[in-house]
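Input: a single structure, listed below in structure tokens.
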Amino acid sequence: MRKIAIYGKGGIGKSTTTQNTVAGLVEAGHKIMVVGCDPKADSTRLLLNGLAQKTVLDTLREEGEDVVLEDVLKLGYGGTMCTESGGPEPGVGCAGRGIITSINLLEQLGAYENEELDYVFYDVLGDVVCGGFAMPMREGKAQEIYIVVSGEMMAMYAANNICKGIVKFAESGGIRLGGLICNSRAVDFEKDMIEALAEKLGTQMIHFIPRENVVQRAEINRKTVIEYEPEHSQADEYRMLAKKINENEKYVIPTPIEIEELEELLVTYGIAS
């Protein structure tokens with residue numbers, strides 16, 4: 001079983017990218033579990049066709065310790081196993097701590113013991129690489145990390161920060177970076193810039209996802225692009241990304257860069273000039 005965590009700054013399209021990629025892998029015959037590690041609890045919405053998924057933390061708050069796996073796990077598109085860790089009540093507690101609680105509970109309930117599982121995907125909020133959000137890295141819950149990024153300064157800054165987290169836990173947790181996924185914002189020279197960033201970080205840009213309105217249309221209809229419009233070229237982009245992840249063999253401990261180098265990249269490609 002391959003355990004993959006998808007990180008990236010908030011609003012970058014991480015959950016959308018994860019779910020569409022998972023749909024591509026499911027279509028290719030793989031059995032997958034998706035664990036949402038974001039307090040917004042939107043990591044499985046498209047796979048469940050908008051069905052409200054009761055989060056692990058909400059279930060624990062309401063049911064106490066008497067929780068069974070079926071309470072926190074729903075089957076979605078193509079038999080995908082879907083679960084959301086959720087977050088604390090607003091203004092109370094730590095969302096990162098909630099991720100730790102959720103993953104531990106899933107382990108206790110035997111969620112990972114399904115022998116048919118080929119992949120587990122963790123969809124993780126990535127602006128803050130605090131202890132809880134770093135848990136999939138820190139405790140070896142995930143072995144491969146992919147970072148969703150775009151040609152915008154803060155998305156690149158977050159990607160670099162996440163790489164620092166990977167370096168910190170690479171030896172103890174055994175995790176490696178599998179590559180950057182560029183979710184395009186149609187920034188000038190974006191593809192070249194992210195390829196250059198990947199090179200500086202010692203990794204690869206595993207795929208460039210073009211900006212396309214069908215993604216939003218599919219989301220409004222609570223579906224992945226692959227389910228909503230399977231013949232569309234954008235569906236093929238996600239299939240291609242799924243195939244590249246499935247066949248990927250380039251895993252590295254990244255080499256994070258200084259902020260000055262990041263700014264130089266932006267100047268070189270004309271964004272900050």
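Quick reminder: no glycine exception, Cβ is built from N, Cα and C everywhere.
As given in Swiss-Prot:
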- GLY8, LYS9, GLY10, GLY11, ILE12, GLY13, LYS14, SER15: ATP binding site (BINDING)
- CYS94, CYS130: [4Fe-4S] cluster binding site (BINDING)
- ARG97: ADP-ribosylarginine (MOD_RES)
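The binding-site residues examined here are GLY8, GLY10, GLY11; by Cβ neighbour count within 10 Å, the least packed of them is GLY11. In sequence order, VAL148, VAL149, SER150, ALA155, ALA158, ASN183 are the residues near ILE12 (ATP binding site), counting only same-chain partners six or more apart with C-beta under 8 A. For the recorded positions listed here (LYS9, ARG97), the lowest count of other CB atoms within 10 A around the CB belongs to ARG97. Around the Cβ of SER15 (ATP binding site), a 10 Å sphere holds 24 further Cβ atoms from the protein chains shown.
The distance from the Cα of SER15 (ATP binding site) to the Cα of ARG97 (ADP-ribosylarginine) comes to 20 Å. Per-site Cβ counts within 10 Å over the binding-site residues GLY13, LYS14, CYS94 peak at LYS14. In three-state terms derived from DSSP, ARG97 (ADP-ribosylarginine) belongs to a helical segment.
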